[in-house]
Ligand code: GLY
Ligand code: MN
Ligand code: MN
């Protein structure tokens, strides 16, 4: 990890230099941030670090610490490590592989940073803009700097790819345990506990709220409720859950049929094949939208083949019917943030290309390039709210309503892997880790 991190930091330094030259500034002060208090309360939300801080200093627990970078000299860490008997104070990671890459200053008090900060010709990067003003900064989160940093972050260094790869292992172990808990008759709540136990992560460490959905609950795309009671009957199970490694996220989904011989199981298997087929096709230079569109054509074919819609696949696609069954995007960039930055940003100047009107939920409009890490997560759902408008449409008679209604009890299917774009195609980090673990 040491040499990968040294290379990573060299890339970061070049990016910082580029940003500073463009914005005509001398340095960046990056603040890690602090946990947010609840309204009128003395309790706090779990701490979520400023991802730009984590990008430079890979310790997601470095609450209230600061970094100073000028793109040339050794970066400086101002690590906040107070004496505290109420809370576990952040522990300076001085014995890690990255410690020696920084000059160190320990802060015993968060306000002590004021003694060190020289705000002239420097930018502040962080959430606490009022404090930055009070500290004398006049360049606070300048767009020019953020655009350069965000664009650079969409091309992962080998260090970052290693972290994203490591995060696959814990998540896969969790998925394996969760699948067994489902088959053992456990409730969503109990399955979530099995997942957390196997990953050794708490609800506060996982990169997003675990989606643990049995039966029709899997038709709610971001279902995070966790029923405590097991269902009377079980038909299907969808788990969308990840883990983090040094702040880098995995984002994996698997769907299961309770009856492995059912037609629903065959549909799950087809979706798995489609996901792998699109991953096989990924190539540098092609736009992410083209793969999303391709998936809609394939799902249109499934709608025809499984007799959900009695029309030819190309007509199903042209009429927009596949958008009812696959209403989200094919995936997104993945990194320190689950829906990582710059999915729409086309260059370091910040040119924005929005999702097309037909696919407003698409989170990536980028041309694929080496080093990008993306999720590929096709879905197929039976969502009442989206199906209903078709009931009064001229094409209503082509829908096999009886079969569609029968399938509502399954909710839906999503399958999601994490891939890195290489010069000659995509490397499937999830499949590679699953093979190492010998689980699927
Ligand atoms: N877990 C959220 C997503 O897959 O985008
Ligand atoms: Mn997901
Ligand atoms: Mn995802």
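Cβ coordinates are placed from backbone N, Cα and C, and glycine is handled just like the others.
The structure displayed is predicted, hence computed values, not measured ones.
Positions annotated as domain 'Xaa-Pro dipeptidase N-terminal' by TrEMBL: 3-151.
Positions annotated as domain 'Peptidase M24' by TrEMBL: 166-422.
Within the same chain, the residues at least 6 positions away from residue 416 (Mn(2+) 2 binding site) whose Cβ sits under 8 Å from its Cβ are 240, 251, 252, 253, 254, 275, 331, 375, 376, 377, listed in sequence order. DSSP assigns residue 416 (Mn(2+) 2 binding site) to a strand segment in the three-state reduction. Positions annotated as Mn(2+) 2 binding site by TrEMBL: 240, 251, 416.
Within its own chain, residue 332 (Mn(2+) 1 binding site) has 338, 339, 340, 343, 363, 364, 374, 375 as residues 6 or more apart in sequence whose C-beta sits under 8 angstroms from its own. Feature annotation from TrEMBL assigns Mn(2+) 1 binding site to 251, 332, 377, 416.
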Chain-mates of 251, 332, 377, 416 with C-beta within 8 Å of site centroid, Mn(2+) 1: 240, 252, 253, 331, 334, 375, 376, 417, 418
Number of other Cβ atoms within 10 Å of the Cβ of residue 377 (Mn(2+) 1 binding site) across all protein chains: 21
Confidence summary (mean pLDDT) of the domain 'Peptidase M24' (166-422): 98
Other same-chain residues whose Cβ falls within 8 Å of the Cβ centroid of 240, 251, 416, the recorded Mn(2+) 2 site, in sequence order: 211, 241, 242, 252, 253, 375, 377, 414
